[in-house]
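Step one of this worksheet: look at the structure below.
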Amino acid sequence: MSTTAAAPTGIPAVPGPVNPPPPEVSNPSKPGRKTNQLQYMQNVVVKTLWKHQFAWPFYQPVDAIKLNLPDYHKIIKNPMDMGTIKKRLENNYYWSASECMQDFNTMFTNCYIYNKPTDDIVLMAQALEKIFLQKVAQMPQEEVELLPPAPKGKGRKPAAGAQNAGSQQVAAVSSVSPATPFQNIPPTVSQTPVIAATPVPTITANVTSVPVPPPAAPPPPATPIVPVVPPTPPVVKKKGVKRKADTTTPTTSAITASRSESPPPLSEPKQAKVVARRESGGRPIKPPKKDLEDGEVPQHAGKKGKLSEHLRHCDSILREMLSKKHAAYAWPFYKPVDAEALELHDYHDIIKHPMDLSTVKRKMDSREYPDAQGFAADIRLMFSNCYKYNPPDHEVVAMARKLQDVFEMRFAKMPDEPMEAPALPAPTAPIVSKGAESSRSSEESSSDSGSSDSEEERATRLAELQEQLKAVHEQLAALSQAPVNKPKKKKEKKEKEKKKKDKDKDKEKEKHKAKSEEEKKAKAAPAAKQAQQKKAPTKKANSTTTASRQLKKGGKQASASYDSEEEEEGLPMSYDEKRQLSLDINRLPGEKLGRVVHIIQSREPSLRDSNPDEIEIDFETLKPTTLRELERYVKSCLQKKQRKPLSTSGKKQAAKSKEELAQEKKKELEKRLQDVSGQLNSKKPTKKEKSGSAPSGGPSRLSSSSSSESASSSSSGSSSDSSDSE
C-alpha cells in the first residue's frame, strides 16, 4: 500500500480510470455487535496505531488516480485502510474481533504485495504491524458480547457512546484513555442496558463475582447517566481474562514463539464460550486509572493493617515493576500464563508453581506476605519459572533478566533492619540472597504443599523445586563472580591471627623496630616509599607493620577501609589503579566482557540505556563503587593467570636468597617470633599476606583481595582492625 493522500470520494468526472468505491463501513443487513475484544481493538489497538508517526499513509483508502498508480486496483483486489477499520468499529460493523484483525492483516499484506521490500512504506507498515501484534497479544482472551445484536438498527446510534465506553476496558493496557461522560443518549438506548441486564448467567470460575442490578429496575432517566455497558470490561479484565503472552511470550511478531507457532488470538475469539455473559456487570463508574498496575489486579482488598517499612519498600518495588517505565520488557509478567490459549500443553507439567506480578500484587494488597523475604521469594520464583521453561536464548528470557535487574537493584537498597540480614546494601547481597531466597521459597512452597498434598505429590513437587533451584544456581554461577577469593580470605585471616600472637609475645621489641624504621622511611621521598612497598615481599617481618603504620599516618582511609566492606567499596581509585584496571579489562576474553558492561550499566544510571555493544567507558566518570566491583570481577577472572606469576616470582625470590637463608637460617629462626608475618622461610605467603593485610599499592588492593561474597567480612575486618591498632 503506497502513500495515500486524499480520500477517493468526490472525484471529478475525468475521462479515464476512476477509483473504485471505498470499502463499506456500515451495512444494516449484515449482523454486527459490540464485544469486549472489538472494544479493545477500537480503543487500544486503533488508537495506538493512529497516533504513530508512520500511520499517516494508512489513514484513508489509496487514491490510485492522485498517486498515479494505474495498476494498483488490478493487483490489489481488496483494498483496506485504517480509516475504514476505524469507521467500521464505530458503526459496530464487525461480528467478532477476528474480522477486524483480518482487515488489519489485509491492509498490511496489500502494502507488502504492491510495494518493493525496500520501500519506505513497507518499513513503515512493518513497524505498525509489530505494534499491532504486541497490542493484540494483550487483548482479552474470551470474547464477551457487550450489546445484544437484536437492536441492530437502533444500536448504531450509540456507537459514539460505545466508543467512549471502550475506554473503561483499557485499564490494564499501557495506552489508556479516560472515560468521557455520556451525552444526549436518546430514550430508546436507555432500554438497551436493561435488555442486556436480563441474561445474567453463571460466570466462569476465573471471573470475579459481579453485583448484578435486578432486571426489574429500568428507570430511563438514570440509565443514560449510568450506561451499564461501559463498566463491564474492567470486570472482565480484572480476573477472568488471561493475557495472551506471559513469561513465555516475546514482544516481537512471533507472539507465541516460545513453544507454539500460530497466534491463538486469530482463532480464539470465534469460540462460542461467550454466550450472553453478565452484560450489565457491577458498575463502578470511575474513570480508569492511568497506570498499569492499578488496572491489573482487583482493588477490592481492603487495608488489613499497616505494612512494615520493609514491605512498604517491597510495595514500591512492585509498583515500579508494573509502571509504564518498564512496560517494554515487563508486560509478559503482568498476568498468569494462559497455557491453554497459548497452546503450551506442557507448561503446567514443567512449571508446578506459576507466579506473576498480578498475583504478587494481590497477595501484597491482602497482606499475605509476613516479611520482605516472602515477597522476594515469589518474584524470584516468577523469574525462575521463565528461565526454566524457555530456552536461554529466547527473547522473553532476556526480558526477564532486564526486569530482574530492576528488582535486584531496588531490593538491594532495602532500608537496614537487624532482622533482614540479606537485604543489606552490600554490592554482592543481591547475588548471595538470591540463592538463599530461591531455596527459602522452595522450602516454603514445599512445606505449604505438604499439608494438602499426598506423599507422591509432595515427592514430585520436591523434585521439581530442586530442578528450579538447580536452574537458579546455574544462572547464579554465570552471573556472579567466581568464589575463588574465599580461600585467600581465610588464609589472610589465619595469617592475621598468627601475626597477632607474634605481636603479643614480642610487643615491645616490635614497637621499637617499627618506630626506628618508620622514622627512616618518613624521611624518604614518595618515590622511595613506592619502591620500598614493591620490594616488601623480600623484606623481613616488621616491614609489614611499617607499611600499615605508614598508611595509617599518611591518611586515615587505609585504616578506615578495614572497618567494613561497604567503606572499602567507596574508596576512590588512584590513576595507576584505573590504568591497571583498564589494562586488565583489555586482557579479559570476549565472553567475559558482557558481565563488565552489566556491572557498569547496573551501577551507573547514566549508562543504563546505552547500547551494550557500543558502550564507551570513561573511568574518570565512574563511581568508586563501580570501579571496585569491576576490579573484583576482573581479578576473579584473571586469578588463575595471576597465581602463576605470583608463584614464579616467589620462587625467584626464594632462589635469590637461598644461600643467604642457608647461612643465617638459625639466626632467623630465633628472630622468627619478632617478625610480624612469621613467614621468613617462605616468601610466597608473605607476599600474599601483604597484598591483603598491608596493601602496598594503596587501599584498592585491600578491597579487591579481601572483598568476598562470604559473610566473614566483618570478622576479618575486625581482626585487621585489632592488628593495626597494635
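Cβ coordinates are placed from backbone N, Cα and C, and glycine is handled just like the others.
In Swiss-Prot, the feature phosphoserine is attached to one residue out of SER308, SER564, SER649, namely SER564. Looking at 147-172, 199-224, the stretch flagged in Swiss-Prot as region 'Disordered' turns out to be 147-172. Residues 452-482 are the range that Swiss-Prot records as coiled coil, among 80-110, 452-482, 607-637. Mapped onto DSSP helix, strand and coil, the domain 'Bromo 1' (33-139) counts 68 helix, 2 strand, 37 coil.
Looking only at the domain 'Bromo 1' (33-139), the predicted model's pLDDT averages out at 92. Taken through DSSP, the domain 'NET' (563-645) splits into 60 helix, 0 strand, 23 coil. Counting residues of the domain 'Bromo 2' (305-414) by DSSP class, helix then strand then coil, yields 73 helix, 0 strand, 37 coil.
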